[in-house]
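Visitor: Attaching a single structure in structure tokens format; questions to follow.
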Amino acid sequence: MRRRLGFGFWAAVAWIGVVLLAALLADLLPFPRYDETLAGPPRSGPSGAHPLGTDGLGRDMLSRIVYGARVSLGVGIGAVLLGLGIGAPLGILAGYRRRATDAVIMAVNDVAQAFPALVFALAVVAFAGANLRNVLIVLGVLGVPSWTRLIRGATLTYAEREFVLAARVLGTRDRRILWREIVPNVAVPAASYAFIGMAVIVVAEGSLAFLGLSVQAPTPTWGGMINEGRTLMETAPHVVLAPSLVMFLTVLSFNLVGDRLRSLTDVRESGLEPVRQAAPAPVDVDPPHPVRDCLLQVEDLRTHFVTPRGVVKAVDGVSFTLERGKTLAIVGESGSGKSMLIRSILGLLPGNSVRSGNVYLTGDDLTTFGPAEMRSVLGPRLGTVFQDPMTALNPVRTIGTQVTEPLRVHLGMGRRQARSEAVRLLASVGIPDPERMLRRYPHQLSGGMRQRVTIAMALSCGPDVLFADEPTTALDVTIQDQVLRLLHRLREERDMAVVLVSHDLSVVARWADEVIVMYAGKVVERGPAGEVFARARMPYTEALLQAAPRLTDPVHHRLRVIPGRPPDLTDLPTGCAFQPRCPYAQDRCTIESPPLIQDGHHYACWHPRNPTTKNTATKADPVTPNPNNRPDEKNHVAPNPNTRPTEDSDHPSHTDSHQDKESRLPPDPNSSLAEDGHLPSRMDSRPDEASHPTPDPNNHPTEDAHITPNTNTRPAEDDHHPSRMDSRPDEASHPTPDPNNHPTEDAHITPNTDSSPAEVGHLPSDTNSRPGEKSHLTPDPNNRQTEAVEEVESGGR
Amino acid sequence: MAGSGSAHLRPPDEVLLRVEDLVVEFPAGRGRTVRAVSGVSFDLARGETLGIVGESGCGKSSAARALVQLPPPRSGSVRLDGLELTALRGESLRRTRRRLQMIFQDPISSLNPRRRVRDIVSEGPRVWSLPGDRVDEVLEAVGLDPATAAERRPHEFSGGQCQRISIARALILDPEVVICDEPVSALDVSVQAQILGLLEDLKDRYRLTLVFIAHDLAVVKNISDRILVMYLGKVCELAPSADLIGRPAHPYTRALIASIPGGGLDLPPADKLISGEPPLPVNPPSGCRFRTRCPRADARCATEEPQIRQIGEDHWLACHNPATLE
């Protein structure tokens, strides 16, 4: 807190404190009374006895300033409190009640604000008498309309928030909602503006005093002192300067405190600036990598942010190449660095970032480009489309101006030529009646149309690469389909490359040729989209695929849950960044960070999933196949492979389709299937455990409320699927432990072994299905295509 | 579609929540009104999860808020266990509040940033003068450690954890119906899976009846027993989830499914099933509201609004020219 507020803030607070304290304790301070004339020689400058000198009547200036502070601060603070005291309840009422209450209060408020305030103040003080009370009341009341407006605005922003709605849904009474939910939130901005208000009032009081309309002599006021000293400016300037300086510092301090407090409550975004390169790149050394003959090549790109909490490694050593006519998808969850990767490539990064690595566009290293060169590349060669088309378009300029601008700037077209080109562009992105569209403003268009416009703008200069950062996330699903189709068509027509950033795996699987999976700033898997989705090697990719719901999944299908949360980018775990959440992590994963290696496609994992049949035998990990052998106390849960029979009985139609798939299953139970081209993946089948259908003796409920292991083992399983007993005798005869079949070591990744009630209903032997205690943190590794498991098993028995 | 009618409602004594002919209007400036929800009916049996799906502007969230009478609907009936909520005002309405709870889309905005988690969760019991000793229990039930979480403020939590806190706040009052308004839309895939799993667990544990609103059909299918498809304030189709996804009859439902990459059904590409953009709710098309985007629309669709009718076991449809079910 202290650091964020800064030195100036604390200096200002100290000044206000000193002035306030002096004013309060004035009577106790060892100097002459303010009205004691000839306490020293008149008009004398600062001296030991009179630190600020004396005025025309020989009164001590310091004493007068300190007593004057009583008036200035008293009026300043008092008037603000008075204004707030009346304005805040009115504003809160107007903002919370809305409708008629709001209309009446704000109408009166508008009338009051139209009143000439200073004239009013002068008139009242002149008639009612110039004393402290009247000045305070007048200035306080004059502030009421502003306070009402301000508090109403603050209330409005919070009254719309869902937590207020939630409180009403709970049945909270209005009064309590106001006090508990709204007032604490409004108080902070109100307090910050109160300080600024005090500064305004101190100035106003000074002005009134200068005009002789504040507290009357002999009580000193700062404004009055300045007025009195006017005549002595030539001979004794300190008589004017001292109170002026004190007033100036006080007003400045109030403003500073208010402003700093306000900036605490405001959310400001950092702007994007040209990047800083990391420390001067090693000169003259040839790059350690060959510059390939391709459209876009990114080599070991790193972007780190220096923050007070530490260095954030947003992008940490990313390399890839991209050819014309291809779509590269970058997937990952929020914070994985996927958007930052794009910004790093484009060189559009916040000021506190440091970039290293190389980005080659047809062989030219963009990281060596200066701002001017970069501008000539952004647009003509690299186009960008961002998530929110509303923020990408300038709301006060017409679509026509915005679409023609890059044409005129980059391509040097004339007005008329640019206009006809813009019409052609808008038509090419499927905008009906493009002529009329040119005259419209962004807010007049739907989200889908706006995104089409930004795409048209990105394409206007014929870029080689189009970067689309979550281009359809803000759009409806039917519009999303239209926009993605459009991007695909344009890519074909223009023979450009597309870099598509998305969190939506189904979109990526459908539209991308190549895919990069990012986790904690690193590429954890990379390869052709079909292959990566069909045979994910990195456990994170696999988990991500199984966590996404699909239309083809049965109803109430349990999705894979990835325990824990993404790592703190300032404090990454040792070894593999995914290791703390990975069910297959071994000792090595916690020590050594896995490199990106190629085996089919690229992946970074010590214990990859979905091994090919060939290397099953060779890639044995040092894993104990039987969980019962591990003395680890956490390991008292027997993973039961028999868990979720798919919902045959409930949904015959799905059973059919699943059985269809089954019949096309490759014989290796560990290889996943890609028959419909999207996101197939599954956990392995644990045939070893299948041979131990007896309840695990170690299997006792844990203390941990989050993890309730299910202890049932479903002995009735075989009877339940008699038809499959003999389905795969060949596999059944090899119930050898799958080397990759790691028993879970950690309680929080206990495989979910029970099933939803609909499924267990027909299994009377299932005595222990307590779905209510099932953990949400429990991944269900056996959740997809369990038929295969069952077949293997039942055949084995 | 854009169908009206209430033929699909089950007998009142079989359902916990019965919504009939719900109409929600908002002022649209210059004296005009927008009908966000226009004659929608649905019901929920105890323990059932009803998914409501549709694109932005279809009125699904407005309908959700009308259920809790915030604000009350313009017309129509909302009956909770036989009690007509729309007829209640003030204190008598407030007394029904704890029976219906809501979870919102934005996990951050759903929690008061200035209050501690314990205060947020225990607000319900405090309002109802109930003992607040269940705070730890519900926090544990939603997967948060009370010892570490209860004394913190929302900004110290991730989006998924904030959503858990919201769920705990709703659960502590033992509501009968929980309305989830896009509860996972703002979350990452892995967190979304956690929250969906959590909702299923809690539904069993606390015997909840859920209204689950989302724009993502795959998410809705995952959690719902029945799905209601809405378009521009009207009902298109209602069916058990597997049936709706497996045998969609309404052209709009089919377009929605086809728009999802890898949808699984053997449907034509989405651009053959739907065209253009949704019309503005201020000025909806006559007859069937989907006709302006529907490849199957004919003259009758422009003049006559389709009524909801049964086309299969518990499969209801509002369309003149449904896609043939093969």
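For all residues, glycine too, the Cβ spot is worked out from N, Cα and C.
Sharing the record's features from TrEMBL:
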type	residues	note
TRANSMEM	A:7-26	transmembrane segment
DOMAIN	A:69-258	domain 'ABC transmembrane type-1'
TRANSMEM	A:71-96	transmembrane segment
TRANSMEM	A:103-128	transmembrane segment
TRANSMEM	A:182-204	transmembrane segment
TRANSMEM	A:239-258	transmembrane segment
DOMAIN	A:296-545	domain 'ABC transporter'
REGION	A:613-797	region 'Disordered'
COMPBIAS	A:645-665	compositional bias 'Basic and acidic residues'
COMPBIAS	A:675-691	compositional bias 'Basic and acidic residues'
COMPBIAS	A:715-733	compositional bias 'Basic and acidic residues'
COMPBIAS	A:788-797	compositional bias 'Acidic residues'
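Could you give the neighbours, burial and distances for every feature on this list?
Guide: Within its own chain, the transmembrane segment (A:7-26) has Cβ neighbours under 8 Å at 63, 66-67, 69-70, 73-74, 246, 249-250, 252-254, 256-257, 260, counting only residues six or more beyond its boundaries.
Long-range contacts of the transmembrane segment (A:71-96) within its own chain (CB-CB distance under 8 A, at least 6 residues past either end) are made by residues 19-20, 23, 102, 105-106, 109, 132, 135-137, 139-156, 159, 174, 177-178, 182-183, 186, 190, 194, 197-199, 201-202, 205-206, 209, 214-215, 219-222, 247, 250, 254.
Long-range neighbours of the transmembrane segment (A:103-128) within the same chain, counting only residues 6 or more positions beyond its ends whose Cβ lies under 8 Å from a Cβ of the stretch, are 90-91, 93-94, 134-135, 138-139, 142, 144-146, 148-149, 152, 204, 208, 211, 213-214.
Long-range Cβ contacts of the transmembrane segment (A:182-204) within its own chain (Cβ-Cβ under 8 Å, at least 6 residues beyond either end) map to 72-73, 75-77, 79-80, 83-84, 88, 92, 96, 121, 139, 143, 146-147, 150-151, 154-155, 158-159, 164, 247, 250-252, 254-255, 257-262, 264-265.
Sequence-distant contacts of the transmembrane segment (A:239-258) (same chain, at least 6 residues past either end, Cβ-Cβ under 8 Å): 8-9, 11-13, 15-16, 19, 43, 52-53, 55-56, 61, 64-65, 68-69, 72-73, 76, 192-199, 202-203, 206, 222-223, 225-226, 228-230, 232-233.
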Visitor: Tell me, roughly as an integer, the mean pLDDT over the domain 'ABC transporter' (A:296-545).
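Guide: Mean pLDDT for the domain 'ABC transporter' (A:296-545): 88.
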